[in-house]
Structure formats: C-alpha cells, structure tokens
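Accompanying notes for the structure given below.
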Amino acid sequence: MTRIDYIFSYWIFLWYLLYLFGIVNFNPKFAILCGVIENIGILLLMFYYGTKKHLVLLFLIMFILLKIIPLYSIWNTQIRVRDIVALIILFMIYLIWVNKSLSDFIKQTQDLVIYNKNTLPGMMFLDKIIAD
C-alpha cells in the first residue's frame, strides 16, 4: 500500500481543512482545481483502459470527497497569485518529502488504471468499508 503522505491529494485536502478552519490564509482553490483536472484525466484513462468498475467507483467516491465537495464549499472565494505560489512551494516540499520522480507518479497511476491494482490508502479504506 502507498503511504498516505505519498498522495498529494491528501496534502491538498489537509490544506483545505486548515483553510476552512481559518488556520491558514492561503486559499487551496487553485490546487483543488488542478486536482480536479488531473482526476478527470485519470477517470478518462480508466474508462479507456477498461479499469474494473469497482475501482472506478472507489476512485469516484474519493474524487467527490477530496475534490468536488471541498471545491464547492469554497467556490465563491478568490484565487490570488500568492495562493498559486503557495501551491508551487507546497508541491516542491512534497517532492522533497517523498523523494519521488515523475516516473513514480506515472507508475502509480498505471498500476491503478491499467493493472487494476488498488494501492491508494483512501480507496483501500473505502474498499474495506464497502466489502464489510
């Protein structure tokens, strides 16, 4: 299983929660929008490669919980240049933290989309809940 701190979506979701509760002033809206675009691309690949419906469903649930609901809740907020800079800095910190290369991200996506391997922590957790 992939460690939870290796998934950038969870970093963005944590940023969203910190913003929502007024702990940070940097708006994660741009980061969430980027995540939505990336997740739509992954969904299209899942359909193209015929990923198991069960994995597509788990991915959709996580997409709604981590991206759509947060984006909806802050939709009327402004994106400022400093928010975009904050995203870039956060992503650089993330890359240093996980010490991953682009090929690692591609392999992780391929494992899910093409080889039907569920290694993402949130999806594995949902899978256990649904299976019980």
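Counting begins at 1 with the first residue displayed.
Glycine residues also receive a Cβ, built from the backbone N, Cα and C atoms like all the rest.
Note that TrEMBL annotation is computational and uncurated.
Note that the structure is a prediction, hence the values are computed from the model and not measured.
Per TrEMBL, the feature transmembrane segment maps to 7-24 (among others).
Away from its own ends, the transmembrane segment (30-48) comes close to residues 8-9, 12, 15-16, 55-56, 59-60, 63, 66-68, 70-71, 74, 79, 83-84, 87, 90, 109, 112-113 of its chain (Cβ-Cβ under 8 Å, at least six residues beyond either end). Annotation comment: TrEMBL describes 30-48 (among others) as transmembrane segment.
Taken from TrEMBL, the feature transmembrane segment covers 55-75 (among others).
The transmembrane segment feature in TrEMBL is assigned to 81-98 (among others).
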Cβ contacts under 8 Å made by the transmembrane segment (81-98) with residues that lie 6+ beyond its boundaries: 5-6, 8, 11, 15, 26-31, 34
